[in-house]
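The structure appears right after this line, and notes come after that.
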Amino acid sequence: MGYDLTRFQGDVDEELICPICSGVLEEPLQAVACEHAFCRACITEWLSRQPTCPVDRNPITNSNLRAVPRILRNLLSRLNISCENAMYGCTLVLKLDTLATHIEECEHNPKRPLPCEKGCGFVIPKDEYKDHNCFRELRSLVHNQQQKMSELKNEINDQNLVIQEVKRELNLVKDFMRAMRVSNPAMRAIADQMERDEVTRWSNGLARARVTRWGGMISTPDDALQLMIKRALSESGCPPHILDDLMENCHERRWPRGLSSLETRQNNRRIYENYVCRRIPGKQAVLVLHCDNTHMSEDVMVEPGLVMIFAHGIE
């Protein structure tokens, strides 16, 4: 809707009047073909009911509208208008192009936002300030936040159920493909690639780790320690088809030549610095997966990877 004519000082050229609302043009747009100008809100509402020009009835649509020429915008900007808060005590008369900025700062604006002086953190419109109650507003905020949290928890639970179902179906597909690849070479290649991709995705989700003390390696972990590491691997999402093999490779009896003895390990520490290590979550242990370490020689690497447990020295 346009600006009320009574707010302007002096006469206003009829070219600056909206033919729909009869007010002074506000956010004006012009029809491309006939060049008639209208308030943005007025012409948008008009065209939602009938796709014709309000003046000459020629067909137009929203795509036929454009900004008015600069000369028309300049004429509008020079008009003198009273503040819309005049009824609340503002006596200022200003140029139309400065009106929006003034309204935000006008001390007579009943909707001017004011911060609560009692420290609750709320910003309240001026005309609602006297009725503001910090306790009531904060209680309402807490209630709304609790409601949102409850809704989010329900959504998370629903999504977890979906994820579990998808995982179950995916495992069924994997089991089927493993069964089929015995007799079908093409299926064997697809299944092998899926397993490799699964290991790579899991590896990429684990944090990188750095071993600062290779001398702290536990090369012969006992059963209890192995069980603890296996549980941590499983909880981190380790693909089931490599879990047992990885745990077999946590003991020096399954390590390659370059790791097979204490003396060898002492001599090869510089080589080990080139390992790409992944942290086993929450444990002083790292994974050295084959998919991350194709640059390493067979003397220090095995499929599907190594599990190295330390007494200390993992970052």
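Including glycine, each Cβ sits where the backbone N, Cα and C put it.
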Practice problem: Select from 100-134, 135-169, 205-239 the stretch of residues annotated by TrEMBL as coiled coil. | Solution: 135-169
Self-check item: Secondary structure content of the domain 'RING-type' (18-57), with strand meaning DSSP E or B
Solution: 10 helix, 9 strand, 21 coil
